[in-house]
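Features reported for this protein in TrEMBL:
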ACT_SITE  D79  active site, proton donor
BINDING   H80, H175, H203  Zn(2+) 1 binding site
BINDING   D101, E131  Zn(2+) 2 binding site
Amino acid sequence: MLVTMKELLDQARVDNYAVAAPNIDNEHNLRAAIDGAEEMNSPLILGVPYHVNPDICYLGRIATDLIRRSAVPIALNLDHGKNFENCVMAIRAGFTSIMVDRSELPFAENVSQVKELVKIAHAVGVSVEAELGHVGGADNYEVDGYSGLTVPAEAVRFVAETGVDCLAVAIGTAHGVYKGEPDIRFDLLKELREQVPVPLVLHGGSGTGEENLSRLAREGINKVNLSNELKRNMVVELNKQDLSQYGIYGVYNYLGQGFKEKLIENIQLFGSQNKAENWRK
(Lines of atoms letter the chains of each structure in order from A and count residues from 1; the text may use other names and numbers.)
(Lines give C-alpha, C1' and ligand atoms only; values in the text may rest on other atoms or scores of the structure.)
Protein backbone atom coordinates (compact mmCIF):
# COMPACT_ATOMS: atom_id res chain seq x y z
CA MET A 1 0.00 0.00 0.00
CA LEU A 2 1.80 3.11 -1.24
CA VAL A 3 1.02 6.20 0.86
CA THR A 4 2.56 9.57 1.64
CA MET A 5 4.84 10.19 4.58
CA LYS A 6 2.49 12.92 5.78
CA GLU A 7 -0.35 10.41 6.15
CA LEU A 8 1.82 8.07 8.22
CA LEU A 9 3.36 10.71 10.46
CA ASP A 10 0.22 12.71 11.12
CA GLN A 11 -1.38 9.51 12.44
CA ALA A 12 1.74 8.65 14.46
CA ARG A 13 1.64 12.10 16.06
CA VAL A 14 -1.99 11.66 17.06
CA ASP A 15 -1.43 8.18 18.51
CA ASN A 16 2.02 8.92 19.99
CA TYR A 17 4.35 6.42 18.34
CA ALA A 18 7.20 6.51 15.81
CA VAL A 19 7.46 4.98 12.35
CA ALA A 20 10.72 3.23 11.46
CA ALA A 21 12.52 4.66 8.42
CA PRO A 22 15.22 2.19 7.34
CA ASN A 23 17.61 3.19 4.58
CA ILE A 24 17.57 0.78 1.67
CA ASP A 25 20.11 0.53 -1.11
CA ASN A 26 19.17 -2.59 -3.08
CA GLU A 27 16.30 -4.95 -3.82
CA HIS A 28 17.35 -7.42 -1.11
CA ASN A 29 17.08 -5.10 1.87
CA LEU A 30 14.05 -3.48 0.24
CA ARG A 31 12.26 -6.83 0.35
CA ALA A 32 13.55 -7.54 3.88
CA ALA A 33 12.19 -4.21 5.12
CA ILE A 34 8.75 -4.81 3.62
CA ASP A 35 8.68 -8.36 5.02
CA GLY A 36 9.53 -7.03 8.49
CA ALA A 37 6.79 -4.40 8.37
CA GLU A 38 4.24 -6.95 7.20
CA GLU A 39 5.25 -9.39 9.92
CA MET A 40 4.69 -6.68 12.53
CA ASN A 41 1.60 -5.24 10.80
CA SER A 42 3.34 -1.88 10.97
CA PRO A 43 3.51 1.21 8.78
CA LEU A 44 6.95 1.91 7.33
CA ILE A 45 8.95 4.62 5.59
CA LEU A 46 11.63 3.42 3.20
CA GLY A 47 14.49 5.89 2.88
CA VAL A 48 16.68 6.00 -0.21
CA PRO A 49 19.84 8.12 0.10
CA TYR A 50 20.80 9.63 -3.25
CA HIS A 51 24.55 9.44 -2.63
CA VAL A 52 24.27 5.64 -2.37
CA ASN A 53 21.66 5.27 -5.13
CA PRO A 54 22.31 7.83 -7.88
CA ASP A 55 20.07 5.75 -10.17
CA ILE A 56 17.07 6.28 -7.91
CA CYS A 57 14.71 6.27 -10.89
CA TYR A 58 15.30 2.54 -11.31
CA LEU A 59 15.17 1.62 -7.63
CA GLY A 60 12.12 3.84 -7.26
CA ARG A 61 10.21 1.87 -9.89
CA ILE A 62 11.07 -1.46 -8.25
CA ALA A 63 10.22 -0.13 -4.79
CA THR A 64 6.88 1.41 -5.73
CA ASP A 65 5.81 -1.80 -7.47
CA LEU A 66 6.65 -3.93 -4.41
CA ILE A 67 5.08 -1.43 -2.02
CA ARG A 68 1.79 -1.37 -3.93
CA ARG A 69 1.55 -5.14 -3.46
CA SER A 70 2.20 -4.88 0.28
CA ALA A 71 -0.54 -5.32 2.87
CA VAL A 72 0.78 -2.48 5.06
CA PRO A 73 1.04 1.29 4.40
CA ILE A 74 4.51 2.30 3.23
CA ALA A 75 5.95 5.63 2.09
CA LEU A 76 8.99 5.92 -0.19
CA ASN A 77 11.23 8.81 0.83
CA LEU A 78 14.31 10.42 -0.69
CA ASP A 79 16.74 10.73 2.22
CA HIS A 80 18.99 13.81 2.32
CA GLY A 81 18.17 15.31 -1.04
CA LYS A 82 21.01 17.78 -1.37
CA ASN A 83 19.97 19.68 -4.48
CA PHE A 84 17.05 20.53 -6.74
CA GLU A 85 17.92 17.83 -9.27
CA ASN A 86 17.97 15.01 -6.67
CA CYS A 87 14.56 16.01 -5.36
CA VAL A 88 12.87 16.39 -8.74
CA MET A 89 14.34 13.08 -9.92
CA ALA A 90 12.83 11.35 -6.88
CA ILE A 91 9.43 12.91 -7.51
CA ARG A 92 9.53 11.74 -11.13
CA ALA A 93 10.54 8.25 -9.98
CA GLY A 94 7.36 7.88 -7.92
CA PHE A 95 8.65 8.70 -4.44
CA THR A 96 5.83 9.84 -2.16
CA SER A 97 8.08 12.05 -0.05
CA ILE A 98 11.38 13.87 -0.24
CA MET A 99 13.76 15.17 2.37
CA VAL A 100 15.13 18.54 1.30
CA ASP A 101 18.35 18.82 3.31
CA ARG A 102 19.68 22.39 3.43
CA SER A 103 20.54 22.23 7.12
CA GLU A 104 24.12 23.39 6.63
CA LEU A 105 22.95 26.67 5.08
CA PRO A 106 22.10 29.84 7.02
CA PHE A 107 18.50 29.97 8.26
CA ALA A 108 17.17 32.35 5.59
CA GLU A 109 18.72 30.39 2.71
CA ASN A 110 17.51 27.09 4.18
CA VAL A 111 13.98 28.52 4.30
CA SER A 112 14.17 29.90 0.76
CA GLN A 113 15.35 26.69 -0.88
CA VAL A 114 13.07 24.38 1.09
CA LYS A 115 10.04 26.59 0.44
CA GLU A 116 10.59 26.41 -3.32
CA LEU A 117 10.71 22.61 -3.31
CA VAL A 118 7.68 22.40 -1.01
CA LYS A 119 5.67 24.25 -3.67
CA ILE A 120 6.76 21.79 -6.36
CA ALA A 121 6.28 18.66 -4.24
CA HIS A 122 2.91 19.64 -2.82
CA ALA A 123 1.65 20.43 -6.32
CA VAL A 124 1.90 16.71 -7.12
CA GLY A 125 0.92 15.33 -3.70
CA VAL A 126 4.42 14.56 -2.42
CA SER A 127 5.31 15.13 1.26
CA VAL A 128 8.37 17.13 2.31
CA GLU A 129 10.75 16.73 5.25
CA ALA A 130 13.45 19.27 6.05
CA GLU A 131 16.06 19.62 8.78
CA LEU A 132 16.72 22.51 11.14
CA GLY A 133 19.78 22.43 13.32
CA HIS A 134 22.40 19.99 12.13
CA VAL A 135 22.87 16.29 12.90
CA GLY A 136 26.59 15.69 12.48
CA GLY A 137 28.72 12.55 12.44
CA ALA A 138 29.10 10.10 15.33
CA ASP A 139 32.83 9.81 14.64
CA ASN A 140 33.16 13.41 15.82
CA TYR A 141 30.38 13.33 18.41
CA GLU A 142 32.33 15.14 21.13
CA VAL A 143 32.43 18.18 18.83
CA ASP A 144 29.27 17.80 16.72
CA GLY A 145 26.88 16.33 19.29
CA TYR A 146 25.62 19.61 20.71
CA SER A 147 27.03 22.06 18.17
CA GLY A 148 23.92 22.47 16.01
CA LEU A 149 20.92 21.83 18.24
CA THR A 150 17.51 22.93 17.00
CA VAL A 151 16.19 26.15 18.55
CA PRO A 152 12.42 25.84 19.23
CA ALA A 153 11.52 29.41 18.25
CA GLU A 154 13.40 29.03 14.97
CA ALA A 155 11.70 25.67 14.34
CA VAL A 156 8.25 27.23 14.73
CA ARG A 157 9.16 30.00 12.30
CA PHE A 158 10.78 27.57 9.85
CA VAL A 159 7.68 25.37 9.64
CA ALA A 160 5.40 28.39 9.21
CA GLU A 161 7.52 29.90 6.43
CA THR A 162 8.25 26.71 4.47
CA GLY A 163 5.10 24.65 4.87
CA VAL A 164 7.03 21.39 5.43
CA ASP A 165 5.10 18.31 6.52
CA CYS A 166 7.60 17.13 9.14
CA LEU A 167 10.83 18.43 10.63
CA ALA A 168 14.09 16.64 11.41
CA VAL A 169 15.48 18.06 14.63
CA ALA A 170 18.90 17.98 16.25
CA ILE A 171 18.59 16.95 19.90
CA GLY A 172 21.87 15.14 20.50
CA THR A 173 22.05 12.26 18.02
CA ALA A 174 24.51 11.86 15.13
CA HIS A 175 24.89 9.87 11.93
CA GLY A 176 27.09 6.79 12.03
CA VAL A 177 28.51 4.60 14.79
CA TYR A 178 28.87 5.97 18.33
CA LYS A 179 31.67 5.00 20.68
CA GLY A 180 29.08 4.87 23.47
CA GLU A 181 25.47 6.03 23.65
CA PRO A 182 24.57 9.64 22.80
CA ASP A 183 23.41 12.16 25.36
CA ILE A 184 19.87 12.97 24.24
CA ARG A 185 18.32 16.32 25.13
CA PHE A 186 14.88 15.16 26.17
CA ASP A 187 14.18 18.58 27.66
CA LEU A 188 14.67 20.13 24.23
CA LEU A 189 12.46 17.48 22.62
CA LYS A 190 9.68 18.37 25.06
CA GLU A 191 9.88 22.04 24.04
CA LEU A 192 9.88 21.18 20.36
CA ARG A 193 6.94 18.78 20.69
CA GLU A 194 4.91 21.42 22.51
CA GLN A 195 5.68 24.25 20.10
CA VAL A 196 6.16 22.76 16.62
CA PRO A 197 2.85 21.87 14.87
CA VAL A 198 4.18 19.07 12.61
CA PRO A 199 5.63 15.60 13.32
CA LEU A 200 9.27 15.49 14.45
CA VAL A 201 11.95 13.31 12.89
CA LEU A 202 15.10 11.82 14.43
CA HIS A 203 18.15 11.19 12.27
CA GLY A 204 20.99 9.05 13.59
CA GLY A 205 18.77 6.44 15.24
CA SER A 206 21.34 3.63 14.99
CA GLY A 207 23.20 3.08 18.24
CA THR A 208 21.00 5.47 20.20
CA GLY A 209 20.10 2.72 22.68
CA GLU A 210 16.87 0.79 23.20
CA GLU A 211 15.75 2.74 26.25
CA ASN A 212 16.43 6.07 24.54
CA LEU A 213 14.61 5.06 21.36
CA SER A 214 11.55 3.84 23.20
CA ARG A 215 11.41 7.03 25.24
CA LEU A 216 11.93 9.21 22.16
CA ALA A 217 8.94 7.57 20.47
CA ARG A 218 6.79 8.09 23.56
CA GLU A 219 7.83 11.70 24.07
CA GLY A 220 7.43 13.23 20.64
CA ILE A 221 9.53 11.70 17.86
CA ASN A 222 7.34 10.27 15.08
CA LYS A 223 9.93 9.04 12.55
CA VAL A 224 13.29 7.43 13.31
CA ASN A 225 15.89 7.00 10.58
CA LEU A 226 17.92 3.79 10.74
CA SER A 227 20.81 2.55 8.65
CA ASN A 228 24.09 1.51 10.25
CA GLU A 229 22.79 -0.95 12.83
CA LEU A 230 20.57 -2.66 10.26
CA LYS A 231 23.48 -3.12 7.85
CA ARG A 232 25.81 -4.25 10.64
CA ASN A 233 23.29 -6.87 11.75
CA MET A 234 23.25 -8.24 8.21
CA VAL A 235 26.95 -9.05 8.61
CA VAL A 236 26.43 -10.43 12.12
CA GLU A 237 23.76 -12.82 10.84
CA LEU A 238 25.92 -13.88 7.91
CA ASN A 239 28.87 -14.63 10.18
CA LYS A 240 26.73 -17.02 12.25
CA GLN A 241 26.18 -19.30 9.28
CA ASP A 242 28.11 -22.20 7.83
CA LEU A 243 28.32 -21.11 4.21
CA SER A 244 30.32 -24.08 2.98
CA GLN A 245 27.24 -25.66 1.41
CA TYR A 246 25.86 -22.49 -0.12
CA GLY A 247 26.41 -20.72 -3.39
CA ILE A 248 26.40 -16.95 -3.56
CA TYR A 249 22.60 -16.76 -3.75
CA GLY A 250 22.23 -18.35 -0.33
CA VAL A 251 24.08 -15.40 1.18
CA TYR A 252 21.30 -12.97 0.27
CA ASN A 253 18.77 -14.76 2.47
CA TYR A 254 20.98 -14.42 5.54
CA LEU A 255 21.74 -10.77 4.84
CA GLY A 256 18.03 -10.07 4.48
CA GLN A 257 17.24 -11.96 7.67
CA GLY A 258 19.75 -9.91 9.65
CA PHE A 259 18.28 -6.67 8.30
CA LYS A 260 14.71 -7.75 9.02
CA GLU A 261 15.39 -8.97 12.56
CA LYS A 262 16.96 -5.68 13.63
CA LEU A 263 14.19 -3.69 11.96
CA ILE A 264 11.54 -5.69 13.81
CA GLU A 265 13.29 -4.98 17.12
CA ASN A 266 13.08 -1.27 16.38
CA ILE A 267 9.45 -1.39 15.28
CA GLN A 268 8.62 -2.88 18.67
CA LEU A 269 10.60 -0.18 20.45
CA PHE A 270 8.79 2.55 18.52
CA GLY A 271 5.33 1.18 19.31
CA SER A 272 4.15 0.97 15.69
CA GLN A 273 3.32 -2.75 15.62
CA ASN A 274 -0.30 -3.38 14.55
CA LYS A 275 -0.75 0.30 13.69
CA ALA A 276 -1.31 -0.66 10.05
CA GLU A 277 -4.88 -1.41 11.15
CA ASN A 278 -5.51 2.35 10.98
CA TRP A 279 -5.42 2.07 7.17
CA ARG A 280 -7.88 -0.80 6.99
CA LYS A 281 -10.78 0.86 8.78
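A Cβ is built for glycine as well, from the same backbone N, Cα and C atoms used for every other residue.
What TrEMBL says about a protein is an automatic prediction, not a curated fact.
Bear in mind that the values here come from a model prediction, so they are computed numbers and not experimental data.
Counting in whole angstrom, the residue listed as 'active site, proton donor' lies 10 from H203 (Zn(2+) 1 binding site) by their C-alpha atoms. Note on D79 (active site, proton donor): other Cβ atoms within 10 Å of its Cβ, all shown chains, come to 25. Its Cβ placed at the centre, E131 (Zn(2+) 2 binding site) has 25 other Cβ atoms within 10 Å. For the binding-site residues H80, H203, counting C-beta atoms within 10 A of each C-beta gives the highest total at H203. Annotation note: E131 (Zn(2+) 2 binding site) sits in a strand segment as assigned by DSSP. Recorded residues E131 (Zn(2+) 2 binding site) and H80 (Zn(2+) 1 binding site) have their alpha carbons 9 Å apart, per Cα-Cα distance. Taking CA atoms as the reference points, H80 (Zn(2+) 1 binding site) and D101 (Zn(2+) 2 binding site) are 5 Å apart.
In the three-state DSSP classification, D101 (Zn(2+) 2 binding site) falls within coil.
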